[in-house]
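Undergrad: Before I ask anything, let me first share the structure, which is written out below as structure tokens.
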Amino acid sequence: MTVLKMTDLDLKGKRVLIREDLNVPVKDGQVQSDARIKAALPTLKLALEKGAAVMVCSHLGRPTEGEFSAENSLKPVAEYLSKALGREVPLLADYLDGVEVKAGDLVLFENVRFNKGEKKNADELAQKYAALCDVFVMDAFGTAHRAEGSTHGVARFAKVAAAGPLLAAELDALGKALGNPARPMAAIVAGSKVSTKLDVLNSLAGICDQLIVGGGIANTFLAAAGHKVGKSLYEADLVETAKAIAAKVKVPLPVDVVVAKEFAESAVATVKAIAEVADDDMILDIGPQTAAQFAELLKTSKTILWNGPVGVFEFDQFGEGTRTLANAIADSAAFSIAGGGDTLAAIDKYGIAERISYISTGGGAFLEFVEGKVLPAVEILEQRAKG
């Protein structure tokens, strides 16, 4: 994968437009979770150090396109950036017809989704973005799977289009895990439904040596192996699909599980052997014996890809399985990559962020890359690099 990289470019005195993913939760005008902004800061600082006139753009939320809405304004993000960078970061609402930014200064453009044609990737809007800059930098992996004006269109028309450090690191890490992984490779794919992760499961079945499944997905695989799953969430119509996947790759199944009679924070957790699951039981986590077996498997792996907690870890009594596996991944010498919103929440909860080799910031983009799909915003950077 060959793309121009921002780190290799001379940006002194250049007008540089950087697309970041600053789509953060905001409540009462305050940023609630700053992970995405923190991830973007090194790129912004580097562009300033290189002497560029820096313009930053992003979307936030899902406003009606073409209309301003205060709740989706990037104002709280501009205020956060001002504090984080120790300088005033002006928020510019009217920028499409040109702005004055001096070298060494940084401005934030208002939500790109307030512009008509952003989501449709309209040429006219993309050309306006491109006219603002000498260099366009795509640094928002989380939106790379969408062909929109500020992620794809602008890269078609800009004089120079490059990948930012965050995007480049993400592509390198995913390429390392999926392109030519050190073996043995284990993947953990968990979630409520096989149907939503079907392409991921099929893709990984052709790459990894062990495919650990969790959550509702595991229940469908258990049913496919002839086990009773009680009133647990599973997909009867995908039992044959689960069998086909299990025929292609080793899918170790739980030998014991944690069950409850109801899905609630107050539910009483009971550990049972898989053969003892009753008709009115709901499987909400893997059992301790299974967790220990899976942990051993992870410790001997050389590459680990993790997407999804294996139990309802939000309730502590159903979180032991996820905690055990999270710690096993953290303790492993393997190259480990983790992605997906729930996975990141589990990493936070168990305090292991520093011990995972790479944490992906992109939810949908991460999954689409794992599925082997082309990410439009990356594809256009590759095309531009070829000239």
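Yeah, the Cβs are placed from backbone N, Cα and C, and that goes for glycine too.
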Undergrad: From Arg87, Arg113, Arg156, Arg183, grab the residue that Swiss-Prot records in the same substrate site as Asp21, Leu22, Asn23, Arg36, His59, Leu60, Gly61, Arg62, Arg146.
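TA: The record-listed residue among the candidates is Arg113.
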Undergrad: Among Lys159, Lys176, Lys193, Lys197, find me the residue Swiss-Prot lists at the same ATP site as Glu314, Gly340, Gly341, Asp342, Thr343.
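TA: Within the candidate list, Swiss-Prot flags Lys197.
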Undergrad: Within a 10 Å radius of its Cβ, which of these binding-site residues (Asp21, Glu314, Asp342) has the fewest neighbouring Cβ atoms?
TA: Glu314
Undergrad: Using only C-alpha positions, which one of Asn23, His59, Gly61, Arg113 is spatially nearest Gly341 (ATP binding site)? These are the binding-site residues in the record.
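TA: Nearest in space to Gly341 (ATP binding site), counting only the binding-site residues, is Asn23.
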Undergrad: A 10 Å Cβ contact count, applied to the binding-site residues Asn23, Thr343: which residue has the minimum?
TA: Asn23
Undergrad: Would you identify which of the binding-site residues Gly61, Gly340 has the most other C-beta atoms lying within 10 angstroms of its C-beta?
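TA: Of the binding-site residues Gly61, Gly340, the most buried by Cβ count within 10 Å is Gly340.
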